[in-house]
Amino acid sequence: MTKKADIGLIGLAVMGENLVLNMESHGYTVAVYNRSVEKVDKFVNGRGKGKNFIGAHSLEELVQNIERPRKVMMLVKAGQPVDDFIEKLIPLLDEGDVIIDGGNSHFPDTIRRTKYVESKGLLYIGTGVSGGEEGALKGPSMMPGGSPKAWPLVKDIFQSIAAKVDDGTPCCDWVGEDGAGHFVKMVHNGIEYGDMQLISEAYHLMRDYLKLSHDEMHDIFDLWNQGDLDSYLIEITRDIMGYRDENGEPLLEKILDAAGQKGTGKWTAISSLEVGVPLTLIGEAVYSRILSSQKEERLRAAQIIKAKVSQLDEEKEEFVNAIHDALFASKIVSYAQGYVLMREAAKENNWNLNYGGIALMWRGGCIIRSAFLGKIKDAFDHNPELENLILDSYFHDKLQAAQEGWRKVVSVAARIGIPVPTFSSALAYFDGYRTANLPANLLQAQRDYFGAHTYERVDKDRGEFFHTNWTGRGGDTASSTYQV
Ligand code: 2AM
């Protein structure tokens with residue numbers, strides 16, 4: 001009998017095909033199945049021809065062809081299809097076998113599915129896979145979480161197909177229990193939204209204020225890609241600036257300014273509100289996409305609203321450097337906020353997250369890959385308990401150096417009327433975070449005035465609460481005097 005498969009895969013769309021080709025090229029035999037079974041033969045006789053694949057035409061055949069303990073990975077549409085396949089696989093599998101979901105599932109679903117699958121005596125992994133179609137083929141960033149006992153069973157396969165950083169370390173490691181892997185993947189996507197919006201704001205200022213040509217912008221992004229901002233997204237932005245259509249004109253300016261989204265940025269923002277941490281930059285990035293999509297309404301508003309703005313004339317080269325600093329400083333804030341979200345969510349969900357390891361998983365293979373993530377890894381190696389990235393000496397020094405340019409860009413943008421929601425929200429967070437006395441004493445006074453919500457005092461111990469009868473009327477419940 002021929003060799004059985006090391007792993008099985010359900011879902012032969014492009015991501016699934018590329019991932020199994022990647023596995024096969026690393027020496028693994030893969031059994032493959034797809035709901036529309038004609039795709040199985042098409043793949044085995046097409047891209048998979050002459051390679052170590054076993055085509056299965058039913059789930060039973062798939063399972064029978066996998067070596068024990070069996071590993072079955074699904075790369076199917078997120079949502080109900082995942083639950084349906086789990087339901088169909090459970091009776092076909094034996095104790096200790098592993099079901100893996102490599103799709104873009106929402107982490108609460110993965111938490112639920114891990115518990116459910118474990119209750120049936122099986123093991124479960126929900127893994128983030130980032131890097132798009134090319135990453136899946138050549139080496140994605142992988143973020144697995146789920147049943148800890150399943151990790152040693154898939155570790156070799158996952159780490160061999162994952163992207164590698166320069167020293168050969170794979171961009172894949174165990175993230176944590178149940179939904180931790182998909183949670184970290186979700187935060188990755190939120191950070192991606194933020195990074196993309198930051199770069200877009202830089203471009204907006206260069207194009208509409210400095211009136212730079214696309215060749216000039218190409219050269220600036222090329223230069224930036226050789227310094228602190230060295231990253232995949234800056235690199236592709238450079239290439240986009242250089243791209244000309246069939247008429248020799250920049251294609252970029254012919255693309256409609258209405259952004260789409262698939263929802264992972266929104267999930268990240270919602271999760272920050274639920275956990276109770278400020279994730280302002282990613283929130284603004286999501287809202288910016290929404291505002292951009294309201295194209296028709298913006299066109300009408302543009303006819304009606306005439307802003308009162310100043311004409312400024314900044315020295316070009318100096319202002320380009322200031323934009324660089326604003327982008328870099330805001331990016332530090334965005335990652336600082338994302339890491340605070342992960343820390344708080346870890347507390348809530350009893351995950352023991354390895355923050356430096358997460359930076360390393362994102363260091364290569366995925367969309368947010370950058371040199372910067374190496375510095376984040378260093379910061380957590382230096383202090384695993386780091387409260388906020390902003391407090392790490394490397395990032396603190398960089399923020400100090402960038403502050404002047406950052407403030408200049410935000411103030412110039414406000415005066416000339418170009419929106420920079422992520423640059424400015426990052427600055428507001430930075431200033432709020434470093435301010436010893438915020439005006440929240442007034443909020444507390446207002447809350448006590450209209451709702452008798454009580455307040456603590458600066459001259460008394462924390463935990464001691466006071467109420468004032470602000471109006472001299474209504475006794476202790478001042479809310480009775482509040483008329484909306
Ligand atoms: P298909 O080829 O039969 O459509 C990505 O869309 C992958 O998810 C494909 O392999 C696709 O199978 C599968 N998929 C999409 N919706 C599905 C569903 N409702 N049930 C099972 N598989 C589904």
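All residue numbers here begin at 1 and follow the chain in the order shown.
Placement of Cβ uses the backbone N, Cα and C atoms for every residue, glycine included.
Not measured: the values here are computed from a predicted model.
As given in TrEMBL:
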ACT_SITE  Lys185  active site, proton acceptor
ACT_SITE  Glu192  active site, proton donor
BINDING   Gly11, Leu12, Ala13, Val14, Met15, Gly16, Asn34, Arg35, Ser36, Val76, Lys77, Ala78, Asn104  NADP(+) binding site
BINDING   Asn104, Ser130, Gly131, Gly132, His188, Asn189, Tyr193, Lys262, Arg289, Arg447, His453  substrate binding site
DOMAIN    181-471  domain '6-phosphogluconate dehydrogenase C-terminal'
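Its Cβ taken as reference, Gly11 (NADP(+) binding site) is surrounded by 24 other Cβ atoms within 10 Å in the chains shown. Highest Cβ count within 10 Å among the binding-site residues Asn34, Ser36, Asn104: Asn34. Counting in whole angstrom, Asn104 (NADP(+) binding site) lies 16 from Tyr193 (substrate binding site) by their C-alpha atoms.
Listed binding-site residues: Gly11, Asn34, Ser36, Lys77, His188. Those with a CB atom under 6 Å from ligand 1: Gly11, Asn34, Ser36, Lys77. Ranking the binding-site residues Ala13, Met15 by how many other Cβ atoms lie within 10 angstroms of each Cβ puts Ala13 at the bottom. Under the DSSP three-state reduction, Met15 (NADP(+) binding site) is assigned to helix. DSSP assigns Gly131 (substrate binding site) to coil in the three-state reduction, outside any helix or strand.
The sparsest Cβ neighbourhood within 10 Å, among the listed binding-site residues (Lys77, Arg289), is found at Lys77. Farthest C-alpha pair in the substrate-binding residues Asn104, Ser130, Gly131, Gly132, His188, Asn189, Tyr193, Lys262, Arg289, Arg447, His453: 50 Å apart.
Mean per-residue pLDDT, taken over the domain '6-phosphogluconate dehydrogenase C-terminal' (181-471), amounts to 97. Comparing Cβ neighbour counts within 10 Å across the recorded positions Lys185, His453, the minimum falls on His453. In the structure as shown, the Cβ atom of the residue listed as 'active site, proton donor' sits within 10 Å of 22 other Cβ atoms. Comparing the Cα of Lys77 (NADP(+) binding site) with the Cα of every entry in Lys185, Glu192, Arg289, His453, these being the recorded positions, the smallest distance points to Lys185. Its own atom aside, the Cβ of His188 (substrate binding site) has 22 Cβ atoms within 10 angstroms in the protein chains shown.
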